[in-house]
Structure formats: structure tokens, C-alpha cells
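J.: Handing you a structure now.
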Amino acid sequence: MSNCISGVAKALRATRLPVQTSARRTLAYSNGCKTPSIAESNGINVLRIQGNGVQQGQIRSFSNSSPRNKLKTMQQIKTRNKSGPFNLTAAVLLVATGCGLWFYFRSEKERMARKRIAEQTKGVGKPKVGGPFDLVDHNGNRFTNEDLLGKYTLVYFGFTHCPDICPDELDKMALMYDKVREQCGQDVLLPIMITCDPARDSPKVLKEYLKEFHPDIVGLTGTYENIKQTCKEYRVYFSTPPNVKDGQDYLVDHSIYFYLMDPEGDFVEAIGRNFTAAQAAKVISDHIGDWDKPLKKEQRWT
Amino acid sequence: MGWFSSNDDSGVKKTSGGAFETPSRTNRAKCYEARDAFFECLDKHQILDSINSSSGRQATAKACGDADKVFEKNCAHSWVEYFKKQRVVNYKKEMTIKKIEAEGGEIIAPQLPIGNPK
């Protein structure tokens, strides 16, 4: 996109040069030809009689712009008419402008579509996905929905005793996160995994588990009630038995989506399993690129 | 069986209930390896279902009993059940897709109404 625009600019720059030189050449030609007559006569009379060629030469001292489409001799008119108004310069300009416009409109169209998704899901009043929660992070510190503000967050629900899907998705999350950071900066996205299995997933278990995927992923756990409330707010279905015995072996069914939340804590888009890490990273990066308000929490209230 | 396997030193460490003590990457890898070996044996003996029917369980015990034991030893019991059931589901899914494609249909991955992968 930007390549193409700079290409247009380059093409413009390149074409301006020959235009100028050709104008200068016309002037030089007319000067060379008509100078004696200017020198001999003086004033307005000459202007009227000699016409354009002289006019050009005399006006030049007042203004740089000169009509360059005026042709003097029959020969010039003939050569001009032979090729018509189209030449290489015009063709290059046409193609470059067309190309530039096409890319511009295409990117605008994509941006508007994303904006629509972001606005659509923003909800009127209360957000449709997400909401207040009160949990504990993998270091044992309190973590609430307030801590989501000021950055984009990527929220995933899972559990450490998940056989195959969650580990795959978390590996993908780590890839996505690195790609987005590469494109948008180190401090714009926060990856979070909220466990659906608080009975087994203590902060310590989560920390051990998540560091194998990416050291930056924040694991959240809490009481069964708090987890249940959070899952409800994020429209996540899960099936953990409420009262489990120590060491009991069970699996948890849960919905598999990445939830992208904006720096104001509002839901933007859900990313399903059918996205590859690269596709998901592009979706996230594009949304981050669209964000025109300040990212930092402190700045948001000034 | 959970008590026996947790006393056994070979295989991964498990809780009294038969779950992984720590579902770490290495433990998962061991489990996947044992699973693949077990499934290979099932493939060789043309057994699809090793869990849902009694005839399937008997055939499995006869043909792939040893591989099954290694599988149980290296995975949480819930994972073993999950993978055995998943094998049947995956096969049926594959067959359905093949059937639809043979009839000239097209499979489109389910998507949310909002957002498309580009």
C-alpha cells in the first residue's frame, strides 16, 4: 500500500522533470528565434504583433509559469497532432494514479469493515461480552477487569489438564502475541488465560503450565463462583463439576474462542479455531492500528 | 486402576484419581507418543472402536493389550477415554466429509457471523 503510493510519488517526480525541460526548451527556442525582433521593437505593439512566443519571453521575468501547450510552427503542431494528446508521461500518470486510488479505496473499505465490527460489538450501554470480574493471577495477586484497561487484551478460557486442544491453542496464542508485538509494539497486547477448572488450577499450577507456552501469558484463577460468573459474562460454556475430590480425574468441556478486548475493556471480536496464528495476528494488528484514542490508562482520563 | 498406576514408577506421575500430577509439555508428549503407538496397533488390526462396545474392547484387549497398558500408564485416565472416543468421532467425521464431497457438496468451516479469516 505505502509502497504503491510512494511509487506514484516517484512516478510524479520522474515525470515532472521532462515536463520542465521541455517547457524550458520551448522558451529557449522562442527566445533564440525572436530575440532580434524584441530587441528591435519595444513595448505593447510587439506583443500584439508577435503573439505568444514573445509574450512568453517577456512575461518570464514576472512569473515562472508559462503556457506550454502553445505551439508555434506548423511543424510543431504536426508532430504534436501525430501522437495526439497521449504520450508516455500521461500513460504513466494515469496508471500510477489509478493504482494508487485502487489501493487507497481497498484499504479504506477494509478499515470501514473492521470499524463496523468493532462498533457493532461495542454494544449500547453494557457490553455484550465481558464485564466485571474479580480473580487472582498466577502470582497470587488480585486481578480484576480494571487491569484490562489501557491495552488490548486477548482472553482465552481453558484448563491445564486439557488433552489436546488447549495446548495447541495456547501455542498459537504465543505465536499470535509475538507477531502482533512485532508489528504493533511491545506494550499493546496482553495475553490472558482464564481457567475453567479452578479446583485444580491454582496460581502455582497455572504459572508452571503457562511459562512453557509464553512467559508473558497471564493466568487467572479464583473461586468457583467467581470463575463461573466470569465465564457467564464472556458467554463461555464450561462443565467443571462444582465439588471435586482431591486428585479426581476429569475433563472440562468449554468453548474455544479468543476474545479480543479493546483498551476500554469492550469486546471487539472473537477469533475461532479456524484462524491460523498469522491470520489471527493480522486481525488483531489491524484492529490495534484502527485505535485512534490513547492506549495508556492514565492518558485516557486527561 | 489409578492406585496401581500411580505406584508404578514407569510412565508419568499421576494423582490418586488417575489424573496427571503436572500436565507439562514433556508429560503431554509422552502421552501423545503412547497414544499414537496404540492407535497404530488398532489400525494394523483394523479396530476402530476400542471403548464404546464390548466387542471392540475385547478385540482391543486381545490384539493391542500391551499398547493399551502403556497408553494408560503414560496418560491421565480421562485423556485415554477422550482420545479413544475422539478416534471414533474423527473417523466418522472424515467419512461424512468424504461422502459429501463424493456427492459434489462443499465443506465450509463453521464461522461466527462476524469476522472472516482473510
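Keep in mind that glycine also has a Cβ here, set from the backbone N, Cα and C atoms.
As annotated in TrEMBL:
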- A:Cys162, A:Cys166, A:His254: Cu cation binding site (BINDING)
- A:Cys162-A:Cys166: disulfide bond (DISULFID)
- A:86-105: transmembrane segment (TRANSMEM)
J.: For Cu cation, what surrounds A:Cys162, A:Cys166, A:His254 with a Cβ no more than 8 Å from their Cβ centroid?
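T.: Surrounding the site, in chain order, are A:Phe157, A:Gly158, A:Phe159, A:Ile165, A:Glu169, A:Cys196, A:Val252, A:Ile256.
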J.: Which residues in the same chain, at least 6 apart in sequence, have a Cβ under 8 Å from the Cβ of A:Cys166 (Cu cation binding site)?
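T.: Within the chain, A:Cys166 (Cu cation binding site) has Cβ neighbours under 8 Å at A:Gly158, A:Phe159, A:Ile256.
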J.: Which residues does A:His254 (Cu cation binding site) neighbour through Cβ under 8 Å, counting only same-chain ones at least six apart?
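T.: The list for A:His254 (Cu cation binding site) reads A:Phe157, A:Gly158, A:Phe159, A:Cys196, A:Cys231, A:Val236, A:Tyr237, A:Phe238, A:Ser239, given in order along the sequence.
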J.: Using a 10 Å radius around its CB, how many other CB atoms surround A:Cys162 (Cu cation binding site)?
T.: 24
J.: Any idea what DSSP makes of A:His254 (Cu cation binding site), helix, strand or coil?
T.: strand
